[in-house]
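According to TrEMBL, the protein carries these features:
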COMPBIAS  23-35  compositional bias 'Polar residues'
COMPBIAS  78-92  compositional bias 'Basic and acidic residues'
COMPBIAS  960-970  compositional bias 'Polar residues'
COMPBIAS  998-1007  compositional bias 'Pro residues'
DOMAIN    723-841  domain 'SLC12A transporter C-terminal'
DOMAIN    855-931  domain 'SLC12A transporter C-terminal'
DOMAIN    1059-1127  domain 'SLC12A transporter C-terminal'
TRANSMEM  101-122  transmembrane segment
TRANSMEM  128-157  transmembrane segment
TRANSMEM  169-191  transmembrane segment
TRANSMEM  197-218  transmembrane segment
TRANSMEM  238-255  transmembrane segment
TRANSMEM  261-280  transmembrane segment
TRANSMEM  401-421  transmembrane segment
TRANSMEM  441-467  transmembrane segment
TRANSMEM  479-498  transmembrane segment
TRANSMEM  571-588  transmembrane segment
TRANSMEM  594-615  transmembrane segment
TRANSMEM  627-652  transmembrane segment
Amino acid sequence: SLLFLLQSERKDGGGSECDGNPKESSPFINSTSSSDVEKSQQYDGKNMALFEEEMDTSPMVSSLLSSLANYSNLTQGSKEHEEAENNEEARKKPATQAPRMGTVMGVYLPCMQNILGVILFLRMTWLVGIGGVLGTFTIVFMCCSTTMLTAISMSAIATNGVVPAGGSYYMISRSLGPEFGGAVGICFYLGTTFAGAMYILGCIEILLIYIVPAAAIFKLEGLEGPEAEAALLNNMRVYGTIVLTLMSIVVFVGVKYVNKLALVFLACVILSILAVYAGVIKSSFDPPDFPVCALGNRILVSKGFDVCAKTIERDNGTVTTKLWKMFCDSEFLNATCDEYFINNNISQIQGIPGIRSGILAENLFGYFMEKGDFIEKRGLMSASYPDAPVTNANRYVLADITTFFTLLVGIYFPSVTGIMAGSNRSGDLQDAQKSIPVGTILAILTTSTIYMTCVVLFGACVDGVVLRDKFGEGVNGNLVIGTLAWPSPWVIVIGSFFSTCGAGLQSLTGAPRLLQAIARDGIIPFLRVSHCVFVCLNARFSNVCFVVSLFSVCALKIFGHGKANGEPTWALLLTASICEIGIIIASLDSVAPILSMFFLMCYMFVNLACALQTLLRTPNWRPRFKFYHWALSFLGMSLCLSLMFICSWYYAIVAMVIAGCIYKYIEFCGAEKEWGDGIRGISLSAARYALMRLEEGPPHTKNWRPQILVLVSLDAEQNVEQPRLLSLTSQLKAGKGLTIVGTSVEGTYLNNHPQVQKAEQSVRKLMETEKVKGFCQVVISSNLRDATSHLIQAGGLGGLRHNTVLVSWPRNWKLPEENHRWRNFIEIVRETTAGHLALIVPKNISAYPSNGERFTEGHIDVWWIVHDGGMLMLLPFLLRQHKVWRKCKMRIFTVAQMDDNSIQMKKDLLTFLYHLRLDAEVEVVEMVNVSLLVHSKTVTSRVSESITDVSRGSIRRKNPSNLRSQQSTGEEPASASVEEKPEEEVQLLQGKSTSPTPTSPTSPTVPTPSATTPGEEVQMTWSDDGEKGKIPPVVNPENIKDMFNMKPEWENLNQFNVRRMHHAQKLNEVIVKKSQEAKLVLLNMPGPPKNRTGEENYMEFMEVLTEGLNRVLLVRGGGREVITIYS
């Protein structure tokens, strides 16, 4: 954030701001322009001469402190965004600073208003009646404890630095990263939106049931059962839509009106609660008269009769009442009546006996019911027959839903979900770090006390049958909590009505701003312009492209911006649309568990964020609020998770799936945000722990997989020359294990750093295209050979190091200007062998398939000549896991010698593959060992033909001048040339018997020992320019004596090289015959010559071995077993 402040202060500063290069182009360095001189002179007299060249990146402390003092509590970047968007309006009308709010007005009272609401007035008495005092008190204590622990965690996060506008979303996203921030932010937005729907439904319920029942469009008179329930829900839907529209218009017109009305609504809530407490006190000495009529032990609906009796005495006679007519077919005493009506007496129950009545003992325990059960009075006698059919059910007060403990938890929890109201206003607080903890915790303590005392007082003052009467049908349609209030039930009715209206307006005000903050952060990929352009470029049809791009651009404009004053107009429209879904559900008891899930998930991640930050002990974690602990945060997180599944396990799963999908969507599409979040910190801690564990020892054979270092080369434009090498890597790895793509740049770090950045960017782009998950490493060195050696030696970290090197066969290595390629290649082979690393060399890499190709049939042939630890067996298995090679079958060929039993070899190999759990065809190839003595001349001539012209040009035969003058007098006889030709060819093939010469791998020349015969001197050079060696002026007689003993050594050398070439040719013939049509051929790669004088011959041997094959994978093991038969 300090960097953001400094950049905002230097809008007119010189120099390039985003080039990312060192500030060597600063106007104070090697610059004489007038503007630069002026800029330099502004620091004269300020004792800043030593630092004036760094003022662009390191300003004076006075300017930094000024920036901090003028810091605005806006989300980073939004301030400039709004200034650019509303530039014209800002010029015409200067912005005015809104007055800052303190703890009481900014946090305490808003939290009180949001916590105390619809559930307290409409469902709390019913919860006590169904769950009992003990059960309901447990629910309230559990929920309030959860919110208190969450408030403690939130206070720690809120006091750990400046909290800009965004509240809980900002805290979660900056603490847990953009993925969690986006997922939880959307869930919190949905929870706030559905909370608005719940408040509106509560408002309509109060309006249609308790204030103006006659206003119902769908009449309930004469309906019973499902028909009456459907009519009630339809009324809720119609009036809910109307109220939602009116509230949206109020919010659209101006939030300032909502804020002004907030105090009025809060006053109504406080007066209503005070009226309840006053009624409780009054009931102790003068209980209100609210009789409840019961038939037997069943409570009757109070509508339709005026006297709670079957008959009354009037004019010295017995007269039937309206209640008689409800259960009998006539008003006469001899009428046919309902059997239950005849067998049971009518009695009156005092609905509110008072706090001194002892009714608390009766209401201690729960009374759970099934839907349609009668509300019955405990202790009253009832004469009924269980098998008798129920008649006149609509005359009784019935349970409208099936109740159980977890349902009560889900319905109650929304009543404690207003604890974020203060943090959501963090941008308007005078001192957010002080006000948020104090105001939130005080509000929770106050409301928790109110809820707990209400539970006990309701159970001690009101009869259980009245408590279980959800809609007050047995008390003349009065609000149950209103019957207890003093001076009148209308205090509670009117107060609760305005309370629900105010809470609904607050929800419709806060939810669009939350969506606006998420859109401005750009963490949801489909809200980003760059994403929509990408989709547009890849769309197949132009109309699809237009629709996608239009939707994305409009989404960014709509949800990220609003009116000129910053109000999120279109986000309000989306919020109202989602809120309408809750209105269509129409049942407050069904909507409450939905928003409980979203709020609980938000609170759970707030606790997780605090716990992670505390345990990681990051240097930036220094909250001013000290009364927190990671154990409390984990306890709060556990309570939130438990309450989610207690409320509704299927809703919990749905909410978690929604959050998980959003998380993976943001992660997959790329949320390129670095906020210093705790998830990054825990990833670093986990990585460090895992690396330390890996250092304990090498991995077991069962856990071995190729951790590949891919060596690629770059062209002049810093682009990868062999892109198919990364395609092969992707097919081989399939996203598993470690992959390091390494390349080298020739030069020095100071001079060639821009080329390194360009090369790294090019490699990363290709890795992303080929879907290679790994790391990129670019090394600068004075020569490419040393750079490649550094990559092999220093790649990886600790135990997470590469065990396999993948490098392409050098192209055009026979050309004189490409000598360095094959020399570097052979050095790579030597270094991997010395480092016990496996080596994979694809030949003809351009012919390998891309990731988009598919082989519908074919074979992967393995030529198992020598045992390499099982690499040849493992690589085809890994390749066949990829969709490119999945349908290819595996064939294994092995070579039998003269004295081998080929039949037994095949049986043993089949058994070995069976234990390895590999499916492959097996074939044993017999090769006859032909004596090389009978091929001495024929094979030698074929060997000499395979040697390239470059090789011939680099080996020179030089004669002394005195001998050359003697030979120039006459023509050389044919016999002499015939005898000398084999000796010349022998010298073209430097091999194992030649004495080694200590030279550098990068040296341009590799001298070989010279030998002289009585007529000539032979000198071997590997120079590229073919410069002839100088003739020694003196011939030592001892050297002449040794030369006569060298011919047998030449003959041994001849036989050694001829034997290797002969074996390569014979093996190549067999491989081409068997595997020419194979999609891929894997075979053992021979080791390089120990002496550097035979390197070029080694390359020739490899060319002959792989001649005529399309795709070849040369493999060398790393000196350890990589596959096992054990489980």
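Glycine too: its Cβ is placed from the backbone N, Cα and C atoms.
Within the same chain, the transmembrane segment (441-467) packs against the transmembrane segment (101-122): three or more Cβ pairs sit under 8 Å, each pair at least 6 residues apart.
Mapped onto DSSP helix, strand and coil, the domain 'SLC12A transporter C-terminal' (1059-1127) counts 31 helix, 10 strand, 28 coil.
Among residues of the same chain six or more beyond the transmembrane segment (197-218), those with a C-beta under 8 A of the stretch's C-beta atoms are 117-118, 121-122, 231-232, 234-236, 238-240, 243-244, 247, 414, 471-472, 477-479, 482, 493, 496-497, 500-501, 503-504, 507, 579-583, 585-588, 591-592, 595. When Cβ-Cβ distances below 8 Å are used as the criterion, the transmembrane segment (101-122) is approached by residues 198-199, 202-203, 205-206, 262-263, 265-266, 269-270, 272-273, 411-412, 414-419, 421-422, 425, 428-431, 434-436, 438-440, 442-444, 446-447, 450-451, 454, 479, 481, 492, 495-496, 499-500, 502-503, 506, 588, 592 of the same chain, each at least six residues removed from its ends. Within its own chain, the transmembrane segment (401-421) is flanked in space by residues 107, 110-120, 123-124, 127, 130-131, 135-136, 139-140, 142-144, 146-147, 150-151, 154, 167-168, 188, 191, 195, 198, 366, 368-371, 440, 443-444, 447-448, 451, 506, 510, 589, 592-593, 595-596, 599-600, 602, 643, 646-648, 651, which lie at least six positions past its ends and keep a Cβ under 8 Å from the stretch. Listed as Cβ neighbours of the transmembrane segment (627-652) (distance under 8 Å, sequence separation of 6 or more from its ends, same chain) are residues 142-143, 145-146, 149-150, 152-153, 155-156, 406-407, 409-410, 413, 593-594, 596-597, 600-601, 603-604, 607-608, 610-611, 614-615. The stretch in closest packing with the transmembrane segment (571-588), judged by the count of Cβ pairs under 8 Å and taken from 128-157, 238-255, 479-498, 594-615, is 238-255. Panel annotation: around the transmembrane segment (479-498), residues 118, 120-122, 124-126, 202-203, 206-207, 210-211, 264-265, 268-269, 271-272, 275-276, 278-283, 288, 290, 351-352, 458, 461-462, 466-467, 469-470, 472 of the same chain, lying at least six beyond its termini, place a Cβ under 8 Å from a Cβ of the stretch. Sequence-distant contacts of the transmembrane segment (594-615), counting only residues of its own chain at least 6 positions beyond either end whose CB sits under 8 Å from a CB of the stretch, comprise 146-147, 149-150, 152-154, 156-157, 160, 168, 171-172, 175-176, 180, 184, 187-188, 190-191, 194-195, 198, 410, 413-414, 417, 420, 582, 621, 628-630, 633-634, 636-637, 640-641, 643-644, 647-648, 651-652, 654-656, 659, 678-679, 681-682. For the domain 'SLC12A transporter C-terminal' (855-931), the model gives a mean pLDDT of 85.
Sequence-distant contacts of the transmembrane segment (238-255) (same chain, six or more residues past either end, CB-CB distance under 8 Å): 196-197, 200-201, 203-204, 207-208, 215, 217, 501, 504-505, 508-509, 512, 567, 569, 572-573, 576, 579-580, 583, 586. With DSSP classes pooled into helix, strand and coil, the tally for the domain 'SLC12A transporter C-terminal' (723-841) is 62 helix, 25 strand, 32 coil. Counted with DSSP, the domain 'SLC12A transporter C-terminal' (855-931) comes out as 24 helix, 20 strand, 33 coil.
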